[in-house]
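Q: Next up is a structure, given as structure tokens.
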Amino acid sequence: MLYTILQIIAFQALFLLVYDLFLKRETFFNCNRAYLMLTSILSLILPFVKFSTLKTMTTKDMVIHLPEVFIGAKAPTVYEVQTAELAGIVLEQPQTPIWRIIAYTGIVIATLIFLVKIINLYWVKYKNPKRWKGNVLIVSLIKSATAYSFFNTIFLGERISETEKSTIYEHELVHIKELHTLDLLFFEVLRIIFWFNPLVYIYQNRIKELHEYIADAKAVKQSGISEYYKSLLNQVLDVNQASFTNAFFNSSLIKKRIVMLQKSKSKQLHLIKYALLIPMVFGMLIYTSTEVRAQEKTTEQEQVSDQELTEAELVEKYRNKILEMKKNGATFFEISDYAGMDGKSEERYIPSKTRYLKFKAYMQYIADGMIKRKTEDGTLSQSHKDTAELMSMDTFASYQEFRDFKNTKEEKERWEANTDDGVLKLFVEDTANKTEEETKRYNALLKQLENDAYFNKLVVTDGRSTLVLDSYISAEGEEVIKDEIVEIPFTVVEESPTTVECKDLERNEDRKDCLSMLVNKHISENFNTSVGDNLSPGRKRVFVQFKIDSDGTVKEIMARAPSPMLEEEAKRVIATLPQFIPGKQKGEIVVVPFSIPIVFEVASKAEPKKE
């Protein structure tokens, strides 16, 4: 929200700068009015407009993250565990942050000030004598020499001479016919919402100037220029202060109005200046559209950083992020969505590593919150402590161990048997190529989904991709299935880069798996493990990035590691990768960046090195 407000202010500043530098001195008053009104509206809309076509103009890079390559390390083992099902834990809603309180308070005060002005205006209208002249209501202000208009009402001070009243009437009549009050009320609304933004006040002042120039240009034709100058210069300035009325006597504007009346008409050629609006708006659209890509790159960089952290460090990072969200006023539901509790986690049999670790951080956060609340209200008991301990405990030693557990036959059967949420579940070896037995079970579940009102969804997964059927209707000769692909790995790149060995595989998914296997095998076989002789024992992580160019060659190799020797060795190995067949997106060859973490296990000096 704050970022959007800053964008609005930045766009308004740019629009006003162009107006003051290039357009303000021109006599195209109606064009200037249209410019100010249009740009003030555009500044509110553009931050929310994001065109995907402009987004794709910035880059064609598609990023693929390859799995970790373990060098000198053993795979973790599986052990039996019990999981605790916890319910009834409710977090308190966070307090509203101070900046929102200040913003809302300002809006309330600005609204009250506006209402006071309106009430005062109608009170003046009520207590003074008035008469109709056609469709215009003229209010005679007792003991006053001021003049202004509001919608179809003209307020004229009784101290104004009859001759000058005629001139002023023609001037204010222009304001009424041109609907200038609507412009000012629009900016009054903006002043209420953006009371803290000085540019809104500048916008309103600029539009009031234009209103006077427009009215002067038309009214002077009725009374003559000498009489008009006299009306401007000889009046005692008793000015109405309502910011949404068009005042005839405004001391700060009189000099500008006289100068503008004396100015020659601008040449038609100068209208080309308004074309400046086109590149400005286009540039803003590019900015708002491509900032999504910048945010995606930031996310990718965060993922790169995440791959260099241990799982315990990642859990702590996600927990700190949740605490930061709460501090900044995020709602309970926003925090839950961040942690992956958005209702989609159940549709994926094996959650991603990030979702799994975020859930662990979330459970720690809930456990800590429960202990804190119970301690503060004096109701903390041993059962609460036990519950919090269960919520915070590490059920699995690692994410890999969790995956191994989920791939056991017993766990797959337990997952399928759990239909308490009205969701039917089926685990298959390959969602795209079911066996005869799996097809029979699938059809039986479809029939159950159709006939039993309790069930509302069928989830079919092979642990890699998931198919969700949320409605099924069969009839004689007719079958309708509504399906939604929830998640398929590497769906961004339609045809990933591949090799001669992998290119003949039919499925793109198989080609990706083949590519990943070959790259990992190449690194494992060619990585010089002797570089670890001078390193301290323990696990070393090397993060490598490279790109497969449009001609299939490897380029732009970068590496980060705790040791320069590891970085250089990683770059050397990647540089020796064979020629690739480039990737394609929508039939067009693209450059595809890859990221791959290498985990190098340095054995202690007393132990032989494992390879």
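Quick reminder: no glycine exception, Cβ is built from N, Cα and C everywhere.
Just so it is clear, the model here is predicted, and its values are computed rather than measured.
So TrEMBL lists these for the protein:
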type: TRANSMEM; residues: 6-23; note: transmembrane segment
type: TRANSMEM; residues: 35-53; note: transmembrane segment
type: TRANSMEM; residues: 101-124; note: transmembrane segment
type: TRANSMEM; residues: 136-156; note: transmembrane segment
type: DOMAIN; residues: 158-261; note: domain 'Peptidase M56'
type: TRANSMEM; residues: 184-203; note: transmembrane segment
type: TRANSMEM; residues: 271-289; note: transmembrane segment
type: DOMAIN; residues: 541-601; note: domain 'TonB C-terminal'
Q: Can at least 3 Cβ pairs under 8 A be found between the transmembrane segment (271-289) and the transmembrane segment (136-156), with each pair 6 or more apart in sequence?
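A: No, the stretches stay apart by this measure.
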Q: With pairs 6 or more apart in sequence, are the transmembrane segment (35-53) and the transmembrane segment (136-156) linked by at least 3 Cβ pairs under 8 Å?
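A: No, the transmembrane segment (35-53) does not contact the transmembrane segment (136-156).
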Q: Using DSSP, what's the helix, strand and coil tally for the domain 'TonB C-terminal' (541-601)?
A: 12 helix, 32 strand, 17 coil
